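The following features are taken from TrEMBL:
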- 531-690: domain 'STAS' (DOMAIN)
- 63-85: transmembrane segment (TRANSMEM)
- 105-128: transmembrane segment (TRANSMEM)
- 179-198: transmembrane segment (TRANSMEM)
- 345-363: transmembrane segment (TRANSMEM)
- 383-404: transmembrane segment (TRANSMEM)
- 416-434: transmembrane segment (TRANSMEM)
- 478-503: transmembrane segment (TRANSMEM)
Amino acid sequence: MEEVTKVTPPLLERRARQRQPTVSVLKSKLKQGVTCSGPRVRSTLTGFFPVVRWLPKYNLREYVWGDLMSGVIVGIILVPQAIAYCLLAGVEPIYGLYTSFYANIIYFLMGTSRHVSVGIFSLMSLMVGQVVDKEMFLAGFDLNEDSGPDAFNATLGINLTAGKLHSVELMGLQCGRECYSISIAAALTFLAGVYQLIMAVFRLGFVSVYLSSPMLDGFATGASFTILTVQAKYLLGLKIPRHQGYGTVVVTWINIFANIHKTNLCDLITSAISISVLVAGKEIQERYKERLKIPLPTELIVVAGATLASHFGELNSNYGSSVSGHIPTGFIAPQVPSFSLMPRLALDAIPLAVISFAFTVSLSEMFAKKNGYTVRPNQEMLAISFCNIIPSFFRCFTTSAALAKTMVKDSTGCQTQISSLISALVVLLVVLYFAPFFYALQKCVLACIIIVSLRGALRKFKDIPAKWRASRNDGIVWLVTMSATALISVELGLLVGIVFSMICIIFKTQNPKVSLLGRANDTDLYEDMDEYKNLMPPPRVHVFRFQSPLYYANKDSFLRSLYKAVGVEPFLELTKRRKAEKKAKEMSSKQAKANGDKNNGEVVIGLIQRELDFHTMVLDCSAIPFIDSTGMATFKGLVKEYKEIGVSMLFANCNTSVIDTLQKGQFFGENDKDMSSLLFHTVHAAVLHANSTSTESKSEDSVV
């Protein structure tokens with residue numbers, strides 16, 4: 001009878017996967033996308049307007065008091081900040097109120113976060129203001145404060161300043177200073193919203209992954225320095241234009257010290273009192289936050305007190321103190337943003353779009369995780385895009401989620417976005433009835449509100465030692481981004497931060513940790529001999545680990561570290577042997593001539609081969625997530641070169657991605673015939689195979 005040999009199946013067997021043709025995949029997705037039905041239309045609309053899903057399920061008894069309380073409190077905080085941040089944005093105070101109103105309404109309809117407060121944000125206002133000032137300067141406007149009478153009516157198409165003040169033609173109308181500034185801001189906001197909409201449609205949310213947390217923290221801190229510097233002149237009552245170009249922080253402080261003798265004492269005293277009250281209120285709030293059920297409305301108290309003091313003390317006429325001026329009531333008719341300005345603003349809108357989106361999505365995800373629900377990042381991007389596109393028709397500027405107001409909402413019992421609706425109603429009351437009462441409010445008070453709101457960002461300096469201890473790489477990224485943002489410009493600081501973060505990652509992959517592994521006692525566990533004690537290297541086998549992807553950029557680093565670790569570079573070893581053979585051949589030839597022996601030379605050549613202290617090298621690929629074609633070619637070269645000097649190369653712990661790349665490049669030969677002798681699931685299996693192969697080859701040599 002013939003014996004039937006059983007073939008032992010492999011320990012791990014790959015699943016056979018069949019990829020569908022790309023054309024059929026595209027056809028099915030296209031068919032699915034254009035299919036129209038009642039349920040699909042309903043699903044699309046409820047997905048686009050999440051409020052339709054959650055509002056009918058609103059638990060009035062459980063949620064209403066928390067939403068009402070947080071909405072009113074945030075609205076009270078929002079009003080003075082909306083007026084103050086217009087100083088940063090370079091536009092009239094009424095537009096900050098418009099922006100806050102529309103952004104809250106739209107996010108209420110489209111947002112998926114229950115807690116995020118979307119509206120004006122100091123960083124966005126600063127970036128808008130820099131673009132506005134640049135374009136105003138290029139158009140020939142005087143950037144000095146109080147350079148002329150209010151030109152708000154120019155936004156309604158009424159030219160009150162022709163022949164008196166500088167104006168430009170925009171969309172067929174003569175546009176004064178205030179009209180032109182808000183036209184720039186609205187066009188910039190429209191573009192930023194369009195960019196965000198494009199990112200949402202094409203699902204480009206992955207862009208935010210390149211904005212690391214240390215980079216964003218450094219960027220926010222550097223921008224806070226710029227905001228502080230820009231507002232410092234208001235504290236002293238100095239009328240100096242905002243610097244255009246790079247180095248705003250340095251140049252502005254030089255100008256401030258050059259004009260320090262022109263300080264308005266009334267503004268200085270008011271600023272000192274306002275900052276003292278605001279800081280005291282913040283400190284009391286932080287110290288007794290567990291006892292205080294609601295935040296202290298410190299900003300509103302300061303604004304109300306300062307407005308009354310300025311009005312009855314006639315600080316503007318008696319002491320020359322700059323005031324907010326007339327803030328009209330009501331809304332203006334919608335107007336299409338100026339398309340003629342957009343080509344000049346196309347590049348400026350990109351950082352605004354990215355930062356606005358990144359802050360909104362990160363805050364929504366952070367508070368969703370904290371409160372135990374989920375958000376849809378792509379819908380968040382759609383929501384913030386429409387929070388910019390639609391309000392741009394109503395003379396608003398760029399918005400995003402704001403951390404401070406979101407934290408206030410969360411701490412005051414907010415349950416849903418009904419709180420945003422209530423905040424919008426508070427702002428609406430101010431727009432319709434109370435706005436003119438802020439006429440006498442000093443600009444230095446608004447600057448104080450802005451500066452005190454930066455305390456959180458400026459406190460990040462305390463975290464530098466801890467950040468440095470936790471990760472030097474993150475500490476360096478923070479410092480570089482913060483310095484570039486503060487000392488060069490906000491836009492370039494963002495670019496420098498992103499590029500530098502990427503360079504750090506590339507540097508880490510080009511100089512990764514490498515190690516030789518040893519065996520722990522009699523187990524099958526192998527670890528780094530430099531990091532762990534009592535490990536023994538396997539006899540005459542080197543186990544090498546490379547902790548990085550292997551691709552074109554770090555191929556040379558991989559080879560250098562490997563040669564250094566094992567102490568043998570194949571090419572140099574081969575060259576030494578050839579030189580030794582040549583020298584031995586010459587010597588044997590001389591001896592043969594002298595002795596007349598023809599075979600002696602061959603014997604000498606055979607004796608000079610140097611035996612290495614290892615016969616096999618095992619490459620532990622567990623820390624190599626992927627390789628490219630260059631990495632595969634490197635593996636091929638290593639196998640070939642070490643084979644020439646009598647050393648075998650084996651590979652262990654390769655993931656499926658690396659295996660697939662090697663198979664596609666026919667690394668294991670035709671039909672993967674050498675796969676079982678080159679590739680192993682564990683390091684220990686590779687070491688056992690190396691020793692058994694070496695024993696067999698030695699026995700064969702002894703037989704020969």
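Positions of Cβ are set from backbone N, Cα and C atoms, glycine also.
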Average pLDDT across the domain 'STAS' (531-690), rounded to a whole number: 85
Remote residues contacting the transmembrane segment (179-198) - C-beta distance under 8 A, at least 6 residues beyond either end: 89-92, 95, 128, 131-132, 135-136, 139, 141, 151-152, 154-155, 167-168, 170, 204, 337-339, 341-342, 345-346, 348-350, 352-353, 356-357, 381-382, 384-393, 395-399
Remote residues contacting the transmembrane segment (345-363) - C-beta distance under 8 A, at least 6 residues beyond either end: 113, 116, 118, 121, 123-124, 127-128, 131, 135, 184, 187-189, 191-193, 195-196, 199, 205, 207-208, 211, 216, 219, 377, 380-381, 383-385, 388, 398-401, 403, 406, 490-491, 494-495
